[in-house]
Amino acid sequence: MEGVVDAPMREMLTRIGGIDQCVTEFVRVSERVLPAKVFRKTCPELFNDSNTSSGTPVILQLLGSDPRIVAGNARKAVSIGARGIDLNFGCPAKTVNKSRGGAVLLQEPELVHKIVWWTRQAVPDHIPVTAKMRLGYSDKSLALENAAAIADAGASGLTVHARTKEEGYRPPAHWEWIARIREHVSISVTANGEVWNWQDYQRCREVSGCDDVMIGRGLVAAPDLGLRIKALQRGDDPEHLSWPEMLILLQQFLEMVEQQLAPKYVHGRIKQWLKMMSREYPQATAMLQEMRLLKQVPEVRQFLHQYSL
Ligand SMILES: Cc1cc2nc3c(=O)[nH]c(=O)nc-3n(C[C@H](O)[C@H](O)[C@H](O)COP(=O)(O)O)c2cc1C
C-alpha cells in the first residue's frame with residue numbers, strides 16, 4: 001500500500017508474523033527502464049534475496065501502461081533479484097489514472113492483456129508474473145474480460161480487490177464477484193477487500209471460494225491479524241497483541257522509519273499508523289490527540305517513550 005506499507009512497515013508486520021507473502025508499493029514506470037536504485041528504494045528486501053528479515057517473501061509491484069516499458073522494467077527488477085512481478089491494475093488515484101495507469105486500464109482489456117503478455121515474455125519462466133485488479137473502472141461490465149485477459153496472457157495469479165474504481169474504498173467489497181471471476185479463469189485467484197477480522201476473513205473465503213486472502217488496511221490496524229487467523233485455523237485460542245506491546249512496536253517503527261525517511265516525514269508515519277490502529281485500539285485516538293503538535297523526531301521519540309512507561 002503506497003505510503004503505508006513500505007519497507008519499515010513490512011518489516012514490522014512480518015516480524016509479528018502470520019503473513020505468507022508481501023507485495024511492495026507500486027513502482028510507477030512510464031518512459032524508460034528505471035535505474036536499480038529506484039527498485040531498491042521501494043524494495044530494499046532486494047538486498048536480502050527479496051525477503052524481509054524474518055524471511056517473508058516480497059514481490060515487487062509495477063504500475064504502467066506501455067507494455068514494452070513495463071516489461072523492460074520487470075526484466076531489470078528481476079536482474080537485480082526480484083523474485084516475482086505483480087502488475088497494478090487497481091490504483092484509483094487521479095494523478096495515476098490521468099497518465100493512463102492503474103484502474104483506468106480496466107477500460108482497455110486488450111491493453112491489459114498486452115502489458116501482462118510482454119511482462120511474462122520478458123522474465124524467466126520460474127519468476128511468477130501476477131496481477132492485481134479491481135472489478136472495473138466505472139462499472140463491472142468488463143470484470144470477467146479483464147480477468148480472462150490477464151490469465152490468457154500468462155499470469156500465474158490474480159488478486160481481485162472486489163470494488164470498482166468508482167466505488168473507491170466504500171464498503172461493501174463485492175466478494176461474490178471474486179467467485180464469478182474465479183469460475184471464469186483457471187489461474188489462482190486471491191480475494192481482497194474489507195477484511196478486518198476473523199469473521200470477515202471466513203466470510204470472504206466462503207463467498208469468494210478463494211483459499212488465499214490479501215489483507216491491506218486490516219493488517220495495519222491490527223498487526224496480529226494474520227497470526228490470529230492462523231491460530232484460529234488451527235483451532236487454537238489466539239492471543240491478542242496488548243496495547244503496551246503495541247507501544248513497543250511503535251517505538252521500534254520510529255527507529256526504522258527514521259533510517260528510511262527524511263526527519264520531517266517521520267512524525268507523519270507514526271501518526272498515520274496510530275490513526276489506522278485506532279480502529280482496533282481505542283487508546284490510539286487519545287494518544288494521537290496528545291501528540292498532534294509534535295513534529296521533531298526527538299520529541300516524538302521522547303513522547304513514545306514516556307507513554308510506554
Ligand atoms: C493508502 C493506500 C495505498 C494503496 N496502495 C496500493 C498499491 O501500491 N498497490 C496495490 O496493489 N494496492 C494498493 N492499495 C489497495 C490495497 O492493496 C487494497 O487492495 C485495498 O485497500 C482493499 O483491501 P483492504 O480492504 O484489505 O485494505 C492501496 C490502498 C490504500 C488505502
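Every residue, even glycine, has its Cβ placed from backbone N, Cα and C.
Quantities reported herein were computed from a predicted structural model and do not represent experimental measurements.
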Have a look through Lys132, Lys275 and flag the one TrEMBL assigns to the FMN site that Gln61, Asn192, Gly193, Glu194, Gly216, Arg217 belong to.
Lys132
Out of Asn88, Cys91, Tyr169, Arg292, which of these recorded positions is nearest Gln61 (FMN binding site) by C-alpha distance?
Asn88
Restricting the comparison to the recorded positions Arg28, Cys91, Arg269, Lys271, Arg292, which residue's C-alpha is spatially nearest the C-alpha of Gly193 (FMN binding site)?
Cys91
Asn192 (FMN binding site) - helix vs strand vs coil (DSSP):
strand
When you put Asn88 (site 'Interacts with tRNA') at the centre and draw a 10 Å sphere around its Cα, which of the binding-site residues Asn192, Gly216, Arg217 have their Cα inside it?
none
Which of the recorded positions Arg28, Gly193, Arg269, Lys271, Arg292 have a Cβ less than 6 Å from any atom of ligand 1?
Gly193
